[in-house]
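According to TrEMBL, the feature domain 'ABC transmembrane type-1' maps to A:74-274. The transmembrane segment annotation in TrEMBL covers A:9-31, A:78-97, A:109-129, A:141-161, A:182-204, A:257-278.
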Amino acid sequence: MKTRKWQDLITPAIIYLVLSLLALIVVYPFIHVTAVSFSGRGEALRSGFHFFPRDFEWRAYRELLEYPFIWSGYANTVFRMVVGTLLTLLVTVCAAYPLSRPDFPMKRVLIMLILFTMIFDGGIVPNYLLIKELHLLDSRLVYVLPTAANAFQVLVMLSFFRSIPDALIEAARIDGARDMRILFRIVLPLSIPSLVTIGLWSLVHHINAFMDNLLYVTDQSKYVLQQVVRQILIENKLDPFTTATNLVPPAPESLKMASVIVCSLPVLVLYPFLLKYFEKGTMIGSVKG
Amino acid sequence: MKTIRKHGELLALFLFAFAFFIVFKYGPLYGVVIAFKDFKVVDGIWGSPWVGFQHFQELFQSSDFYRLLKNTLLLNFYQLLFAFPAPIILAILLNEVRSRYFQRFIQTTMYLPHFVSWVIMSGLLIYFLSPTTGIMADIMGWFGKEPIFFMGKKEYFRSIVVGSSILKDLGWGSIIYFAALSGINPEIQESAIIDGANRWQRIIRINIPSIMPTVSIMFILSLGGFLSANFEQIINLLNPVTFETGDVIDTYVYRVGLQQFQYSYTAAIGLFKSLVGLVLILGANLTVKKLSKGENGLW
């Protein structure tokens with residue numbers, strides 16, 4: 001009996017400890033990054049743990065915001081978030097709604113054709129050649145057009161549309177409503193939770209994507225935020241700019257950490273919404289496939 | 001004619017959307033033929049001469065190919081071995097926590113890295129692991145060890161990739177298992193407690209068997225992507241020193257194909273990868289269907 005009690009205390013204690021440690025590993029980098037981004041040169045260059053800024057200064061941010069490609073990067077990222085997400089939603093609804101109607105011709109074949117794009121990919125080179133043939137290289141449209149065709153999202157939307165009772169749609173049809181009217185007046189208002197989930201999926205994709213930028217866009221004024229920050233953070237390309245404009249530049253570490261903050265801001269702002277809708281969304285996606 | 005009149009509006013909607021799939025998803029299939037041609041930009045895709053399987057023969061004879069294949073397979077094998085079970089363990093631990101508040105706090109924190117881009121993740125990883133600025137050097141100093149330049153050593157590359165994958169998707173991946181665990185009938189747990197089962201016995205005899213269907217489906221599905229490593233992750237962590245262990249099919253195709261213009265040769269590698277991936281996912285789906293007697297599976 002005595003050993004049982006001892007065990008009953010020690011196991012939960014270990015579990016709480018392990019989980020807290022994991023949370024600390026995830027949270028600490030954010031604290032460190034914020035602290036270093038606001039720290040003075042000497043402090044930022046010091047190695048080791050940083051919990052709060054010392055010799056507080058804004059200089060890294062001021063310097064960073066003077067860098068023109070941060071602004072164009074933000075503009076391009078916001079462009080692809082807004083236009084890309086709207087286009088994705090439009091294409092997803094336009095593909096899924098007709099396929100959800102029981103009497104739509106060749107439904108099975110068309111669904112299979114869309115599904116196939118999920119499991120077979122031409123590869124990097126054929127995709128590049130296609131974008132080249134379409135004259136989309138070095139164009140901002142390359143960020144929003146190809147991602148609009150997303151088979152997985154069509155399937156999720158399709159399974160939601162199918163769950164809307166047929167009687168509702170039939171009733172509207174008997175009252176003389178046509179397909180478009182039914183879609184806008186009945187089906188879409190009922191689908192708002194699914195539309196929000198898919199819209200947020202798309203937003204997160206567009207905030208974080210940089211592969212299309214890396215492959216297809218070489219004009220720096222058309223770079224997205226991630227690619228601009230990638231150059232600062234990983235390829236160390238901001239240093240020449242700051243040393244050219246400044247006799248005593250801020251520490252490169254502060255600049256890098258400031259770029260991390262500037263770059264993660266959109267996700268952090270969206271995070272509460274993401275939490276609310278994504279957990280359910282993952283369940284739809286993984287259970288229904 | 002009758003169907004067009006009856007479904008006119010719907011057909012128009014559908015064709016608009018389907019055009020995107022035709023152009024951007026089926027369009028590249030046309031470019032795949034250059035794997036069987038000697039592609040020259042001036043001659044275009046169609047005008048370049050056919051060479052049959054020459055590129056594939058070259059491929060299977062080159063040592064590069066076996067290095068890429070080995071790296072891709074090993075990396076995926078380690079991912080499956082370590083990154084796959086991690087979220088299951090987290091879900092089981094989380095399920096043992098009584099305080100809803102603490103549970104929620106852990107979930108909210110652990111989901112965050114999933115939404116952070118690989119640029120940020122990799123950049124911070126490089127920064128924290130650096131021997132001069134990083135905290136890893138300090139931690140090693142506590143144990144009296146010399147700092148190591150982790151990013152510049154080929155023997156650490158795979159561990160870094162697998163470790164960062166775990167960190168990024170540990171919390172996110174646990175959602176589905178946590179939901180499965182919450183679905184277990186509490187009466188089963190209660191009667192086990194009355195019968196004198198302790199916590200570990202309950203986890204091993206009740207919790208793990210109850211989530212096994214979910215685990216096996218997720219496992220087989222993850223086999224489907226066995227030949228595709230995460231390009232966005234690896235391209236940011238890779239540098240010429242770590243090519244030997246870290247270069248995978250996609251990073252090689254990007255570097256040699258697009259930057260050194262060997263389009264046909266790398267298109268052949270890409271096609272090889274796509275075909276193997278297709279076979280794997282079809283096989284995986286078939287297995288899921290067999291295991292669940294036709295209930296599960298993607299289609």
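Note that the numbers count up from 1, one per residue, in the order the chain is shown.
Just so it is clear, glycine is given a Cβ too, placed from its N, Cα and C backbone atoms.
Model, not experiment: these values are computed from the prediction.
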Task: Chain residues outside the transmembrane segment (A:182-204) and at least six past its termini with a C-beta under 8 angstroms from it - done: 81, 84-85, 88-89, 92-93, 97, 147, 150, 153, 156-157, 160-161, 164, 168-169, 172-173, 267, 270, 273-274, 277-278, 280-281, 284
TODO: Would you kindly check A:9-31, A:78-97, A:109-129, A:257-278 and say which stretch has the most C-beta pairs under 8 angstroms to the transmembrane segment (A:141-161)?
DONE: A:78-97
Open item on the list: For the transmembrane segment (A:9-31), give me same-chain residues lying six or more residues beyond its boundaries with a C-beta closer than 8 angstroms to one of its C-beta atoms, as numbers and ranges.
Closed with: 50-51
